[in-house]
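According to Swiss-Prot, the feature substrate binding site maps to Ser97, Asn113, Phe114, Arg115, Gly263, Gly264, Arg265. Annotation source Swiss-Prot lists divalent metal cation binding site at His101, His111, His150, His180. If you look up Swiss-Prot, you'll see His111 marked as active site, proton donor, on the strength of sequence analysis. According to Swiss-Prot, the site 'Important for dimerization' annotation covers His180, on the basis of sequence analysis. Here Swiss-Prot flags 245-280 as region 'Important for dimerization'.
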Amino acid sequence: MRKDRQNKITEVGIYLKDLQNRLCRAFEKEEGESRFQETLWEKPNGGGGRTRLLTEGHVIEQGGVNFSCVYGNQLPPAATQKHPEISGFAFQAEGLSLVIHPRNPYVPTVHANFRFFIAGKDEADPRWWFGGGYDLTPYYGFEEDCRHWHRVAKKACDRFGEAIYPRFKAACDDYFYLKHRNEPRGIGGLFFDDLNEWEFKRCFEFIKILGDSFLEAYLPIMQNRKNHPYGERQREFQLYRRGRYVEFNLLYDRGTRFGLEFGGRTESILMSLPPRVVWRPNWEPEPGSEEARLYEDYLVRRNWVSVSGA
C-alpha cells in the first residue's frame with residue numbers, strides 16, 4: 001500500500017509540474033519580454049514548493065503560478081472543516097495554484113487551482129481526494145467572454161457526464177461569494193472538493209482534462225482585451241474591485257487558510273493578492289454606466305452557456 005500511495009503522489013506531481021511549465025510558457029508568450037522568476041522553498045520536515053511570479057509586465061501586472069508538495073502528521077483545520085472525522089490524520093498534499101492580475105482593466109483576473117490529498121492513520125487504508133477548479137473575475141463585462149469561458153468549462157466536464165458541469169458550476173457560485181457584501185466575486189466557473197466518487201484513474205483524468213482546458217478558456221479573452229483602450233476611470237474601478245478579491249482571499253478562502261495554518265511559505269501563499277488596490281467607503285457606480293452594468297448584469301447567477309450569441 002505504501003508503494004501505491006507513493007505512485008499516486010508521483011503521478012499527480014509530474015502532471016502538475018508539467019502544467020505549471022506550460023502555463024508559464026503561454027503567459028510569457030503573451031508578455032513578450034517579461035519572465036516568471038522562480039523561487040524554490042522547503043519547509044523542514046514538511047515538503048516544499050516551486051513558486052513562479054511575474055511582476056510589472058506589459059500585460060500581467062502581477063501573476064503567480066505555484067506548485068507545492070507538502071506533508072505532515074496532522075491535517076490543518078482548513079482541510080478538515082467539512083470532514084472532522086479525518087482530523088489528526090497524517091497527510092501528503094500536492095497542488096498547483098494560479099492567479100493572474102492583468103494590467104488592463106478590460107482583462108479579467110483569473111484563478112485556477114488543482115490539488116490532491118492523501119491521508120490516513122496508517123498505510124493500510126489511506127483516504128485520497130482531488131479538489132480545485134477555475135473562476136473568472138471581470139471588471140468590465142462582455143457576454144461573449146463569459147459565454148466562451150463557461151462553454152469551455154462545460155465541454156471539459158461533459159466528457160464525464162452531463163450532470164458534472166451544472167453541479168460544479170453551482171458549487172463555484174456558492175463558494176466564491178462574499179457574504180458580508182452580498183455579492184459574488186466574479187462570474188464563476190468550476191469548483192469541487194472531495195472528488196473521489198470514481199476510481200483514482202478516472203478522477204485524475206478529470207483533473208488533467210480540466211487543467212488542460214484552462215488556457216483554451218482564458219487565453220482568447222486575454223488576447224482579445226489586452227489592448228483595449230482605457231483611462232484613469234477604468235483603472236480606478238479596477239483597483240476598487242480588486243479590494244473584493246483581497247477581502248475574499250483573506251476572509252474566506254480555504255486554500256489561503258490551509259497554507260497559513262500549515263506554516264507554508266507566506267510569500268507564496270499570498271501571491272494571490274493584487275499588487276495595488278484601493279477601498280472607497282460608500283462608493284456606488286453611476287447609474288447606467290459600464291461600472292453599474294457589472295453589478296446588474298454580471299455579478300449575478302446566470303446560465304452563461306445559454307446566453308445568446310455566436
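Don't overthink the numbers, they just go from 1 along the chain as shown.
Cβ coordinates are placed from backbone N, Cα and C, and glycine is handled just like the others.
This view paints the features noted in Swiss-Prot onto the structure.
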| residue | record | DSSP class |
| --- | --- | --- |
| Ser97 | substrate binding site | strand |
| His111 | divalent metal cation binding site | strand |
| His150 | divalent metal cation binding site | helix |
| His180 | divalent metal cation binding site | coil |
| Gly263 | substrate binding site | coil |
Exercise. Find the shortest Cα-Cα separation between Gly264 (substrate binding site) and the binding-site residues His101, His111, His150, His180, and name the residue that gives it.
Key: His111
Quiz item: How big is the Cα-to-Cα gap, in Å, between Asn113 (substrate binding site) and His150 (divalent metal cation binding site)?
Solution: 16
Quiz prompt | Greatest C-beta neighbour count within 10 angstroms, which of the binding-site residues Gly263, Gly264 | solution = Gly264
Self-check item: Site extent for substrate, whole Å (max Cα pair distance, Ser97, Asn113, Phe114, Arg115, Gly263, Gly264, Arg265)
Solution: 20
Self-check item: binding-site residues (His101, Arg265), the one with most neighbouring Cβ atoms at 10 Å
Solution: His101
Quiz item: Which one is it: of the binding-site residues His101, His111, His150, whose Cα lies the shortest distance from the Cα of Gly263 (substrate binding site)?
Solution: His111
Quiz prompt | Mean predicted confidence [pLDDT] for the region 'Important for dimerization' (245-280) | solution = 88
Quiz item: What is the interatomic distance between the Cα atoms of His101 (divalent metal cation binding site) and Arg115 (substrate binding site), given in whole Å?
Solution: 21
Quiz item: If you measure Phe114 (substrate binding site) to His180 (divalent metal cation binding site) at Cα, how many Å is it?
Solution: 27
